[in-house]
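S.K.: One structure, pasted below without further comment.
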Amino acid sequence: MPKNTKVTQREHSTEPVTESVADLLSLEHPMDYKSSQMSMGLSPGSTAPGKALLPSPDPDAEDGRPAWNNKLEYILAQVGFSVGLGNVWRFPYLCQKNGGVVEPECEKSSATTYFWYRQTLNITSTIDDTGGLNWKMTLSLLVAWIMVCLAVIKGIQSSGKVMYFSSLFPYVVLFCFLVRGLLLKGAVDGIAHMFTPKLEKMLEPQVWREAATQVFFALGLGFGGVIAFSSYNKRDNNCHFDAALVSIINFVTSILATLVVFAVLGFKANVMNEKCVVENAEKILGYLNTGVLSRELIPPHINFSHLSTQDYAEMYGVIKTVKEDSFDQLGLDACVLEDELNKAVQGTGLAFIAFTEAMTHFPASPFWSVMFFFMLINLGLGSMIGTMTGITTPVLDAFKIRKEILCVVCCIIAFLLGLLFVQRSGNYFVTMFDDYSAGLPLTVVVILENISVAWIYGTKRFMQDLEDMLGFRPYAFYYYMWRYVSPAVLIVLITATVIEMAVSPAGYNAWVESEGSERFQSYPPWALAMAYALIIVAMLPLPIVYIVRQFNLVSDGSNKLSVSYRKGMMKDISNLEEQDEQRFILSKNPSEAPSPMPAHRAYLGPGGTQEMTNTNYGTSTKTGYQNIGSPESEL
């Protein structure tokens, strides 16, 4: 530390001395699957000698359902829906947790913390005090839903184009932040902390519950967006490849974002640790000058003008050992870097407080701040578009409603519901919804989806459907996972969640203005009732839809879907009749005509044998279309 710093000046002056973070930083220099389909022993482009095949019609072109312009738009839409704010603040926060100016409130916290809670949120001290609407956030909410409405009002033809930018731009920003973050002092410490496991945490049920919830959030499971986007693909789309690709991209994105966050947090921890060393060194100098501490306690090689964290740790250890009885009265901090890295930042605070505070120390910090928050906007819009598509698509499939009207009405309702979160106390409701409306209900929805497919519809039948679509038999691994492993794991997860909710106190972290910090507070009775009501309301559509379908109160749109399938089947039969007629005219046996319908292979489960079944017209053997009218039968 240079001799002209305030640490050395303290030896010649009795005035109180402080050293800012800026002073510290100034010292640093800166396979085409169609070819694998069963084709009666012939390649897709070949025909048997003397036999001509008519082109098979495309049933998707007949039912009037819109389709993606290309596969890239579909993949980008899925990635944009699954990769959201949770990848940037929720995943790094969970990874960290389990592995200014003159205002008294600001002085007790920090400049960025004060700006977030007081200037941005203008938050109240309790959830009981609503404080009215925050007009800045209300306006932002309105603009966001207008953008979503414009993106989805014309269907996937317009929203698909939006995905090109909203899905790809965040990766550009994250890569730039990663390069910049790795060049910061202390970035390696943060990344090393990220990959340091905390094995004792593996025994806590909450870790597994939060991990599962993160998977649901990250991939959008249970929300309907994945199914809605996929419904616009052709029936022979390789969904196996799409599912694996989107999952891998989502995982890599989470790791990339976490690397960026921990690199920046490592830098911030080093800055705060150096600040801690400076402040406590000033205290020790004061104690030395006033005779509270003897200079014999200071190791001879320690130079206060160039005091490193290692030197301070050694000096701190000596003083603590010698002054064991009166050490607490000295008010000295250990200034351990690990403690700074272990400080958990709750929820949105990671992105809007810790990350922002670190960016203020970046060169050209306004530029990086704009890029970072513009990235967050894109991530949020991508998830909002996917969620809205998951709501509107099944409604449009089941009822005859104008798409434009439905989209506008849904966005208006969503905006009105969102007003709850843009009150001055809205951040507390965000925490409540995150804890109660998305945890247990989402897990229940996913396990019911799993049971419906694996046990009610039938895993064998579902595997057979996939084989007919993909042209190859799915791995036996999926059979056992869908039928046994996944339901068992989800049941254990639900049980652990219910137990934890019953044992752990229900509450939230309230911002106390007088203390300039957060304090845990229990929910009042009305808020607790609202929290449990969220769980019930989130799961309520399940029994309601079951009752409605059981008593045929509302059409489920299956007739419309069946018509499109039957339309395609009738096209195939019509072509087959024309071929038979041509064979008859040419004195050929109609039975010699090859069937345009794909050969059907009965899926007998993992390890089962495959039997080729004759699918020529007029026979009574099983086909993929035979089960349209009888979905109850198990193959």
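FYI, residue positions are counted from 1 along the chain as it appears here.
Note that Cβ sites are derived from N, Cα and C of the backbone, with glycine treated the same way.
Pulled these features from TrEMBL for this protein:
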{"type": "REGION", "residues": "1-21", "note": "region 'Disordered'"}
{"type": "COMPBIAS", "residues": "35-46", "note": "compositional bias 'Polar residues'"}
{"type": "REGION", "residues": "35-63", "note": "region 'Disordered'"}
{"type": "TRANSMEM", "residues": "168-191", "note": "transmembrane segment"}
{"type": "TRANSMEM", "residues": "211-232", "note": "transmembrane segment"}
{"type": "TRANSMEM", "residues": "244-265", "note": "transmembrane segment"}
{"type": "BINDING", "residues": "N250, L379, S383", "note": "Na(+) binding site"}
{"type": "TRANSMEM", "residues": "367-393", "note": "transmembrane segment"}
{"type": "TRANSMEM", "residues": "405-424", "note": "transmembrane segment"}
{"type": "TRANSMEM", "residues": "436-457", "note": "transmembrane segment"}
{"type": "TRANSMEM", "residues": "477-503", "note": "transmembrane segment"}
{"type": "TRANSMEM", "residues": "523-548", "note": "transmembrane segment"}
{"type": "REGION", "residues": "588-635", "note": "region 'Disordered'"}
{"type": "COMPBIAS", "residues": "610-635", "note": "compositional bias 'Polar residues'"}
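For each listed feature, how buried is it and what is near it?
M.R.: Panel annotation: around the transmembrane segment (436-457), residues 209, 212-213, 216-217, 221-223, 482-483, 486-487, 490-491, 493-494, 497-498, 501, 531-532, 534-535, 537-539, 542, 631 of the same chain, lying at least six beyond its termini, place a Cβ under 8 Å from a Cβ of the stretch.
Remote same-chain residues near the transmembrane segment (477-503) are listed as 205-206, 208-209, 212, 439-440, 443-444, 446-447, 450-451, 453-455, 459-460, 462-463, 605-606 (criterion: CB distance under 8 Å, separation of at least six residues from the stretch ends).
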S.K.: Using a threshold of three or more Cβ pairs below 8 Å, and leaving out pairs closer than 6 in sequence, do the transmembrane segment (367-393) and the transmembrane segment (405-424) count as in contact?
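M.R.: They do touch: at least three Cβ pairs between the two stretches lie under 8 Å.
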S.K.: Would you kindly list the residues that approach the transmembrane segment (523-548) from elsewhere in its chain, counting only those six or more residues past its ends and only Cβ-Cβ distances under 8 Å?
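M.R.: Answer is 127-128, 432-433, 435-438, 440-442, 444-445, 448, 506-508, 554.
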S.K.: Would you count the other C-beta atoms found within 10 angstroms of the C-beta of L379 (Na(+) binding site) for me?
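M.R.: Within a 10 Å radius of the Cβ of L379 (Na(+) binding site) lie 25 other Cβ atoms.
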